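> Sharing a structure below in structure tokens format, with a few things to ask.
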Ligand SMILES: CC1=C(CCC(=O)O)c2cc3nc(cc4[nH]c(cc5[nH]c(cc1n2)c(C)c5CCC(=O)O)c(CCC(=O)O)c4C)C(CCC(=O)O)=C3C
Ligand SMILES: [Fe+2]
């Protein structure tokens, strides 16, 4: 269905307030928060139907599906992701309660039950008409932003609640302090541990930090973010990750300098080198995806004189299957094969700063906080509240209607 000619200027609860701008700086009344997750199988019988849901129309080869199915089968057919979202929902409810904010949290997934549509059924039953969505994904790209917006639109369509229920979505939060702080703490702890283990404060020569995120087709990466801005190779997706990684390393170097100032030997001389790498590539081998692959990057480290690696899952909000399998299993094996000590940093999960930051993101929309007062740790942010036409469009599928966007 092509809604481009029929949609109001902004599709969502704040439609009337915006009139074509990318930011919503007026208060909006919300009845509830909608936590929009990815979803995952909860038993062996769920695995194949789940994988079909995820890859429908995506051109993922059958062999790749069979391979990924074995990852889930290894863990009894259960992804940890639904439990993560149950825990995140509970943590959000606790934080809202602590702050005296009366906003119920509904939860629905893109790819497995409870589906987004079930959350909308609940909204309908409880008489909620104005929702603010939090998608469990921090960056801009088709898979990490627009697909959530499209599926929310689709869920409204399917439940016949278009016009009855409106949904806004909090901005992409890659550079929100709530999301970034857990990574700073995690990398700092890993650096301190390696300082102890490797017996030197000058580990800049011996250790490398690999920030890792989900690879995506380069054609999708080029289309990530607003289409009229040039973010260079990898589009807004890569630019956002690089900007956050830089901020994390700056904070970590500061803490490192603070630690070594307490030692008689003085400050360390070499900053710890880092790079952005990619993982979990699928798709046909002939389709280009973002590189380098984390395993290739790890294998190249010994030749650069490294004997330790810190792996930072910067692209992920919880320790789900991509983290458990592709990092804790595969990347760890690659590191061991190459004689490298590896530390894998934690994802935000239900870190206090993260949970509290998500509530702040909801409140900045509810209260219409001016953009200038919104926290952002990189020059790219604070990201927009509503996306412009064709933002993060899928390279193969082209236009599909989505929520929380400005109509053409
Ligand atoms: C950018 C990105 C994120 C981060 C943003 C976000 O978090 O949303 C992410 C998250 C996740 N991806 C997940 C699982 C899968 N992703 C797949 C496939 C794909 N992911 C892609 C990208 C991303 N994926 C892409 C471009 C594909 C190719 C197919 C397509 O174009 O859509 C496949 C199919 C098999 C395969 O090809 O690997 C599976 C099973 C799970 C759940 C894990 C669990 O169960 O614990 C999570 C959180
Ligand atoms: Fe994925």
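All positions are counted from 1 along the displayed chain.
Yeah, the Cβs are placed from backbone N, Cα and C, and that goes for glycine too.
Note that this is a predicted model, so its numbers are computed, not measured.
According to TrEMBL, the protein carries these features:
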type    : residues : note
BINDING : 79, 148  : Fe-coproporphyrin III binding site
BINDING : 214, 322 : Fe(2+) binding site
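Thinking about packing and proximity, how do these listed features fit into the structure?
Around the Cβ of residue 79 (Fe-coproporphyrin III binding site), a 10 Å sphere holds 24 further Cβ atoms from the protein chains shown.
In the three-state DSSP scheme, residue 214 (Fe(2+) binding site) is classed as strand. Cβ environment of residue 214 (Fe(2+) binding site): 143, 144, 278, 279, 280, 315, 316, 322 lie under 8 Å away, each six or more residues apart in the same chain.
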> List, in sequence order, the same-chain residues at least six positions removed whose CB sits under 8 Å from that of residue 148 (Fe-coproporphyrin III binding site)?
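Sequence-distant Cβ neighbours: 36, 110, 133, 135, 137, 169.
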> Give the helix, strand or coil assignment DSSP yields for residue 148 (Fe-coproporphyrin III binding site).
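DSSP call for residue 148 (Fe-coproporphyrin III binding site): helix.
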> So which binding-site residues out of 79, 148, 214 are up against ligand 1, CB under 6 A?
79, 214
